[in-house]
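What follows is a structure written as structure tokens; I'll ask about it next.
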Amino acid sequence: MSYSLTKVDDLTTQLKSLASISTENLKKLNKKFRMEFNYNSNHMEGNTLTYGETELLLMFGDTMGNHQLREYEEMKAHDVAYQMIETWASDTERPLTEQNVKELNRIILIRPFWKEAQTAEGQETRREIKVGNYKAYPNSVRLSNGELFEYASPTDTPILMKELMDWYRTEEGGLHPITLAAMFHYKFVRIHPFDDGNGRIARLLMNYVLLRNGLPPVIIKSEDKAGYLRALHFADIGEYEPFIEYIADQAIWSLEISIKAAKGKDIEETSDLQKEIALLNRRLTVENKQSKHPIAVYEVFKWFSKEVWPAIQESLEQFDSLFAEKKSYYYTNQVEETYEKKNILESPLLRSTAPPKVKIFGLDIYKEEVYQIDWKTILYGIKGASANPKIEIKAVLEFKIAQYELNITIDNNNISNTSYHYNDRMLKSDIQKLQTSLAKQILEEIKARIQ
């Protein structure tokens, strides 16, 4: 047995040996798993709600930000599906059926919709996605290298799904729960039985298996999507152990959190506490929406300068030793700041030597309308680079009539693009997630250029 599976068993034994978890701590633990799973599983498939917005929606039924209605609906529907698998798993007399799997698809997709697709000849077309039914058309995908990755055909899908359910019933109780859950996930994805929602359902079914076997759910972090897909790709060539190990590693995190909760320890990270405080504030003020005016723009600028840009710079500092030099630039309405800078480490609010009026990088906000502010840092001279030796990180605030937009890129590749009302701000938990995403992407860029 692998190290990770052995550790899962050891932690499971440790968890079972502890006294029963209190009702209050169990409630906190279940909430954490619920929020983490709903956010990450949907975010991985393109849902743009932030972690904080997800919690605001699911815990308080409230919304913020500018997202498509379907994104809010799908997040709520996914939450219903998650609570449904919890109920199914708790009923040891109830078997899992194909109809249950179809019901999960019907729930998370909500209603039929039209989606861009390709014909067998590679022509662009549109198809109606029918919920709760197996696919009527092939859903193979074209890989980045041009190869066609084949899933099961519509004709074979019902046969293969029956075989999958038979396999599960045969292996249940025989395989290690982690192996059973991981392989059920992989075999389901390899069939890809539905027109849409296959990834989310695979993760729901995997957690059904774990919950049914007395284990906590696993959370595939959206920020590690590349690692998750890489493990799945190993399975595609018949190497299943990397994927089983990957799922085991995620289960270790869930078990360690569960043990902390059972011991009465605080399972909320600092970011969770900050998020709770911020959510309370959002709940009280979310309806107080403003339109664009000079002070509203200035307040957004001031907030970004003090909270977000320093956090971005903090992420960049850990790479300083890998570059020859670093330089930052600042623009208002696409014009670079020309005032002398006092200290490169000081806040942008303090650097300008302009007279002490209400100004943004030297521009009087009452004399000229501000429609865009740019922050840019260029990292020059990657050590050992064999390709482009510099990386450009850019943050742009665009000020519209009813909202402002924040766009963050690395070499013009989008990292974050979000809209807010003028009285809304990015939550601290989302800033921390941005820092992590930014650092991971920069690391990947560096590795790609020194190969």
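Note that Cβ sites are derived from N, Cα and C of the backbone, with glycine treated the same way.
Predicted automatically and left uncurated, TrEMBL annotations should be read as such.
What TrEMBL records for this protein is below:
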ACT_SITE  H192  active site
BINDING   D196, G197, N198, G199, R200, I201, A202, R203  ATP binding site
DOMAIN    96-249  domain 'Fido'
SITE      E45  site 'Important for autoinhibition of adenylyltransferase activity'
Measuring Cα to Cα, tell me the gap between G197 (ATP binding site) and E45 (site 'Important for autoinhibition of adenylyltransferase activity') in whole angstrom.
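Computed Cα spacing between G197 (ATP binding site) and E45 (site 'Important for autoinhibition of adenylyltransferase activity') is 9 Å.
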Could you check the recorded positions H192, R200, R203 and say which one's CB has the fewest neighbouring CB atoms inside 10 Å?
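So among H192, R200, R203, the recorded positions given, the one with the fewest Cβ atoms within 10 Å is H192.
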At the level of the C-alpha atoms, what whole-angstrom distance separates N198 (ATP binding site) and H192 (active site)?
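That separation, Cα to Cα, works out to 6 Å.
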Nearest to E45 (site 'Important for autoinhibition of adenylyltransferase activity') in three-dimensional space, by Cα, is which of the binding-site residues D196, R200, R203?
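So, spelling it out, the nearest of the binding-site residues is R200.
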Centre the Cβ atoms of D196, G197, N198, G199, R200, I201, A202, R203, go out 8 Å, and tell me which other residues of that chain have a Cβ in range of the ATP site.
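Surrounding the site, in chain order, are E45, N105, I108, V189, F194, L204.
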Could you give the mean pLDDT over the domain 'Fido' (96-249), rounded to a whole number?
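A mean pLDDT of 91 is what the model gives the domain 'Fido' (96-249).
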May I ask you to report the DSSP-based helix, strand or coil state of the residue listed as 'active site'?
coil
Of G197, G199, the binding-site residues given in the record, which has the fewest other CB atoms within 10 A of its CB?
G199
Between R200 (ATP binding site) and H192 (active site), what C-alpha distance do you get in Å?
11
Using CB atoms and a 10 A radius, I'd like the single residue among the binding-site residues I201, A202 with the highest neighbour count.
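Ranked by Cβ atoms within 10 Å, first place goes to I201.
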What Cα-Cα separation, expressed in whole Å, is found between I201 (ATP binding site) and H192 (active site)?
10
Validating a neighbour-count step here. Other CB atoms within 10 A of the CB of N198 (ATP binding site): how many?
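By my count, 20.
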When you measure from the Cβ of D196 (ATP binding site), which residues in the chain that are at least 6 apart have a Cβ under 8 Å away?
L109, K115, I129
